[in-house]
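Q: OK, TrEMBL features for this one:
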type    : residues         : note
BINDING : R109, N293, R391 : substrate binding site
BINDING : C450             : heme binding site
Amino acid sequence: MGLLLPILLSFLAALIGGLYLLGVFRQRRPGEPPLDKGLIPWLGHVLEFRRNTLKFLQRMKQKHGDVFTIQLGGFYVTFLQDPLSFGALVKESRDKLDFNKFAEHLVRRVFGYSAIENDHHILNVSSNRHLKGEGLEVMTQAMMSNLQNLMLHNMGSDQRAWREDSLFAYSYNIVFRAGYLSLYGNEAQESNLGEEKAKEQDRAESEALFYEFRKYDQLFPNLAYGVLTPRKKREADRLLAYFWNTLSVEKMRTKDNISRWVWDMQQAKTEAGMNDSMINRYMFVLLWASQGNTGPSAFWLLLFLMKHPEAMTAVKEEVDRVVKESGQEVRRGGPIVDLTREMLLKTPILDSAVEETLRLTAAPLLTRAVLQDMTLKMADGREYFIRQGDRMAVFPYIAVHIDPEIHPDPHSFKYDRFLNPDGTKKTEFYKAGKRVKYYTMPWGAGVSMCPGRFFATNELKQFVFLMLLYFDFELKNPDEKIPEIDFRRWGFGSMQPDRDVQFRYRLRY
Ligand code: HEM
């Protein structure tokens, strides 16, 4: 008996400690948001959340209102779903709400990359220099010549017969590969390797890379949630090794036209003492961030235009006008149109169509780590206590993108939704009579806002320009329904369709 009691007591202490760690004892304190732990200790709601984030968050919003805390795989996450109060998350000081900690944890787990202290600063400096202003002009030109190489390389040959393809596969393929070549450089044109041969190698090499990228892309949602089967995990590891090798610093040194955006980051990391093998891993993080979203968005944009003839006509008229005003002309045997950044700045209708596409199909989840106990101050005066160690998140797709008060008839594609009657960009949207500052958030917001947003927008516009100028294209089945969104990807940036659609295209000249 003398021995039994201490054993029982230590067992009880271990049990209580375990249950405490599993979050079983956490209770809502006065002033805190509604707490919903779910039924499974520690895991909480993670299974339902992962199955369909949109549906789950809609259910939680209905149950608890626009602020609530839920348990997700060991974390307590407070969701803020009132768009008028988004400033409270986006503008909160970094001492309280931190993006880096969360992001570093994710990239270590998913991409095997260990960040260094000034990592985010290096990214910001290079992005400000090369993904905006004059730097963006250089990038846009590179994109143009790579798009031309991939889309128009057989111009002039008798290739005017209709070709059939899957629209998602086609759009993702072209935009991914052109974006990749623009950022990571072209095959060097050594004296013995003519320009045409180098271009051909660019086409072949980018095709092989895209093929492997799509495999990783398909594994990604389960990889991010850490629920891959051992076989799939081995496949993910093989793919990572392939990307680290293909994008390695050593291989890149042999390339021409590497973007300054990538180059400067490589240099800065080397100077900060990072070894090449870790930089190689970062090169894949960048490839993932820069190429995983624009291709899928290009698909939706083309599909929406094809399904909405009035939108297609309006965009086409604008494209033709801009080309004409630049003094250029598309004709058989003539030079390929030089689509400058200046021309891309004169397209309010296409801009609105792009924004509308992203409203309907970009659904990121913005997350921050809570570094100190803090008070969340809502726009209507409500205040909530948020605990250190928790996380805060915003899912703008529900809160803003498809809120019928902000965007009436929210599930319809309206190409001119972001245009004023006088044809200028519309930026005034309201909820409950109050102006909504964050009326769409495809790029996120605040410290983690996408640094590639201007380049991405240009990529989408360049792709549409070239399709409209050089190709006839149509859906194989004009009555084709717009596919649903693949619900496993909610929260991961640009959405993908749950099935592909067939289309045909042919060169016009
Ligand atoms: C339609 C295309 C794109 C969409 C919808 C998109 C969306 C986003 C979103 C929502 C984030 C923030 C994620 C978060 O807060 O956790 C992000 C981050 C990022 N994006 Fe994009 N993006 C696109 C294209 C691009 C392109 C073309 C580039 C580069 C040329 C790029 C580079 C990055 C980088 C480096 C980050 C990480 C930023 C950071 O850590 O602060 N993105 N993107």
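Cβ atoms are placed via backbone N, Cα and C, with glycine included.
Please go over these features one by one and say how buried each is and what sits next to it.
A: Neighbour list (N293 (substrate binding site), Cβ cut-off 8 Å, at least 6 residues apart, same chain): A362, A456, G493, S494.
For C450 (heme binding site), the Cβ neighbour count at a 10 Å cut-off comes to 20, with all displayed protein chains included.
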Q: Which residues of the same chain, at least 6 positions away in sequence, have a Cβ lying under 8 Å from the Cβ of R391 (substrate binding site)?
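A: Same-chain residues close to R391 (substrate binding site) (Cβ under 8 Å, separated by 6 or more) are F75, Y76, V77, T78, F102, T367, R368, A369, V370.
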Q: Over all shown protein chains, what is the count of other CB atoms within 10 A of the CB belonging to R109 (substrate binding site)?
A: 12
Q: Check the DSSP secondary structure of C450 (heme binding site), expressed as helix, strand or coil.
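A: Assignment for C450 (heme binding site) reads coil.
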Q: May I ask which of the binding-site residues R109, N293, R391, C450 have a CB within less than 6 Å of any atom of ligand 1, listed in sequence order?
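A: N293, C450, by Cβ distance under 6 Å.
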Q: Measuring Cα to Cα, tell me the gap between R109 (substrate binding site) and C450 (heme binding site) in whole angstrom.
A: 21
